[in-house]
Amino acid sequence: MLWIMAVLPLVLAGPELNVRMQGTDSIFEGLELKRSVRETDNNCSEGLYQVGPFCCQPCQPGERKVKDCTTSGGAPTCHPCTEGEEYTDRKHYSDKCRRCAFCDEGHGLEVETNCTRTQNTKCRCKENFYCNASLCDHCYHCTSCGLEDILEPCTRTSNTKCKKQSSNYKLLWLLILPGLAILFVFIYKRYRKRQPGDPESGIPSPESVPMNVSDVNLNKYIWRTAEKMKICDAKKFARQHKIPESKIDEIEHNSPQDAAEQKIQLLQCWYQSHGKTGACQALIQGLRKANRCDIAEEIQAMVWEDHENSISNSRNENEGQSLE
C-alpha cells in the first residue's frame, strides 16, 4: 500500500514534467538560433564596413569616398576634400565632406585657426567681445565700467567686472546726465539739418538722384552693402521687398554656415527681381526703412562719387580730343 502512494505522484506529474523539459529544449534552441543570426549579421572586423560580400576599409581624415572597395579588406577609392572649404576629421565611410564653419564678424567672431582638409575652422571672440557659453555662435560687447574701477578686465570668455560706485558717484551722474541729454538733443538736431539733400552736405537725397545715377549697375556695390549688413538686416530687407519666404529659406539652406554668402545672395535675388531701373534709389530707401541709414548714406556717397568721377573723366577726354 505504501509503494502505491509513493509511485502515484510520479505517474500524475509525468506529462507536466515532459512539457517543462520540452519547453526548456525550445528555449535553448531559440538561444542557439539567435546566437547564429548574431554571428552572421556582422562578418566584418571592427573598423571595416560591409559592401555586399566585401569588408572595406574606411577613408582617411581629409577624404571622401568615391567608390567602394572591390576586394575584401581592400581600401575604397577616396578623393581629398576641397582645401579651405571642406573637411573630415576622422576615418569614415561617407561620400561627402563637411563644410567648413564661417566666423561671422557681424556676430563678434574672428578666425582663430583656418579650416584645413582634416580640421574645421576654429572661431573665437574678437577683441572687446566675449562669450561665456561652451558653444559660441554669437559674442557680446564687453561692458565698459565708465567712471567705475575695473575689478576684472574683459576676456574672450568672461565679461568685465566693475566696482560698484559709491553714493557720491551716483550723485555726480545725476548732475551730469541732464547736461548730456541736452547736448545729445543739440547734436541730433544739427545732424538732422545736414541730411542728404541739404546743399551743404554735398550728398543728394534719394529723390533728387539723377536718372543716370538712379539706374546705375549695382553689381559692384552689392558685396559692399552685404559686407556692412547683418544677416538679420539682409533678411528684413528681402522680406520688405516681397522676396518669397521659400526663396529666403533656399538661400539659407544652400549656404548654412556662410552668413556672408547668404547676405550677398539675398541682395542679388532682390536686384534680379527688381531690375536695373530705379534699383539704386530703391536700395537706399530700403536701407533707410530697415533703420540702416549709415549704410544707405555710405552706398549713396560711393555711387555719387563714382558718378562725379565718370563725368570728370569724360570732360578730360573731350578736352584732350579738342586740343588735338
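Glycine residues also receive a Cβ, built from the backbone N, Cα and C atoms like all the rest.
Around CYS44 (disulfide bond), the same-chain residues at least 6 positions away in sequence with a Cβ under 8 Å from its Cβ are GLN50, CYS55. The secondary structure of CYS44 (disulfide bond), as reduced to three states from DSSP, is coil rather than helix or strand. Per Swiss-Prot, the feature disulfide bond maps to CYS44-CYS55 (among others); the stated evidence is sequence analysis.
Among the features that Swiss-Prot reports, disulfide bond is placed at CYS56-CYS69 (among others). Note: CYS56 (disulfide bond) has non-local neighbours LEU48, TYR49, GLN50, ASP68, CYS69, GLY73, GLY74, ALA75, PRO76, TYR93, i.e. same-chain residues 6+ apart with C-beta under 8 A of its own C-beta. When secondary structure is read from DSSP and collapsed to three states, CYS56 (disulfide bond) falls in the strand class.
Positions annotated as disulfide bond by Swiss-Prot, on the basis of sequence analysis: CYS59-CYS78 (among others). Taking Cβ-Cβ distances under 8 Å and a sequence separation of 6 or more, the neighbours of CYS59 (disulfide bond) in its chain are LYS65, PRO76, CYS78, THR88, LYS91, HIS92, TYR93, SER94.
Positions annotated as disulfide bond by Swiss-Prot, on the basis of sequence analysis: CYS81-CYS97 (among others). Same-chain residues at least 6 positions away in sequence with a Cβ under 8 Å from that of CYS97 (disulfide bond) are, in sequence order, GLU63, ARG64, CYS81, THR82, GLU86, TYR87, THR88, ARG117.
Around the Cβ of CYS100 (disulfide bond), the same chain contributes GLY84, GLU85, GLU86, TYR87, CYS115, ASN120, THR121, GLN257, each under 8 angstroms and 6 or more positions distant in sequence. The feature disulfide bond is assigned by Swiss-Prot to CYS100-CYS115 (among others), with sequence analysis given as support.
Annotation source Swiss-Prot lists disulfide bond at CYS103-CYS123 (among others). When secondary structure is read from DSSP and collapsed to three states, CYS103 (disulfide bond) falls in the coil class.
Under the DSSP three-state reduction, CYS125 (disulfide bond) is assigned to strand. When Cβ atoms from all protein chains are considered, those within 10 Å of CYS125 (disulfide bond) total 24, not counting its own. Residues annotated as disulfide bond in Swiss-Prot: CYS125-CYS139 (among others).
Among the features that Swiss-Prot reports, disulfide bond is placed at CYS142-CYS154 (among others). For the recorded site, CYS142 (disulfide bond), the DSSP three-state label reads coil. Remark: CYS142 (disulfide bond) has ASN128, PHE129, TYR130, CYS154, ASN159, THR160 as non-local neighbours, by Cβ distance under 8 Å and separation of at least 6 in sequence.
If you look up Swiss-Prot, you'll see CYS145-CYS162 (among others) marked as disulfide bond. Its Cβ placed at the centre, CYS162 (disulfide bond) has 16 other Cβ atoms within 10 Å.
Helix, strand and coil content of the domain 'Death' (219-303), in residues and according to DSSP, is 68 helix, 0 strand, 17 coil. Under the heading domain 'Death', Swiss-Prot lists 219-303, citing sequence analysis as support.
Positions annotated as region 'Interaction with HIPK3' by Swiss-Prot, on the basis of similarity to another entry: 201-306. Within the model, the region 'Interaction with HIPK3' (201-306) carries an average pLDDT of 78.
Sequence-distant contacts of the region 'Interaction with CALM' (219-243) (same chain, six or more residues past either end, CB-CB distance under 8 Å): 104, 106-107, 259-260, 262-264, 266-271, 273-274, 282-283, 286-287, 289-290, 292, 294-295, 298-299, 302-303. According to Swiss-Prot, the region 'Interaction with CALM' annotation covers 219-243.
According to Swiss-Prot, the feature repeat 'TNFR-Cys 1' maps to 43-79.
According to Swiss-Prot, the repeat 'TNFR-Cys 2' annotation covers 80-123.
For the repeat 'TNFR-Cys 3' (124-163), the residues of the chain that approach it from at least six positions outside its boundaries are 103, 105, 107-110, 112, 169, 172-173, judged by C-beta separation under 8 angstroms. For 124-163, the entry in Swiss-Prot reads repeat 'TNFR-Cys 3'.
As annotated by Swiss-Prot, signal peptide applies to 1-21, with the evidence given as sequence analysis.
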Express the distance between the Cα positions of CYS125 (disulfide bond) and CYS162 (disulfide bond) as a whole number of Å.
21
Looking at the disulfide-bonded residues CYS103, CYS123, CYS139, whose Cα is closest in space to that of CYS162 (disulfide bond)?
CYS139
According to DSSP, which of helix, strand or coil covers CYS115 (disulfide bond)?
coil
Work through the disulfide-bonded residues one by one (CYS78, CYS81, CYS103, CYS115) and point out the residue whose CB has the fewest other CB atoms within 10 angstroms.
CYS78
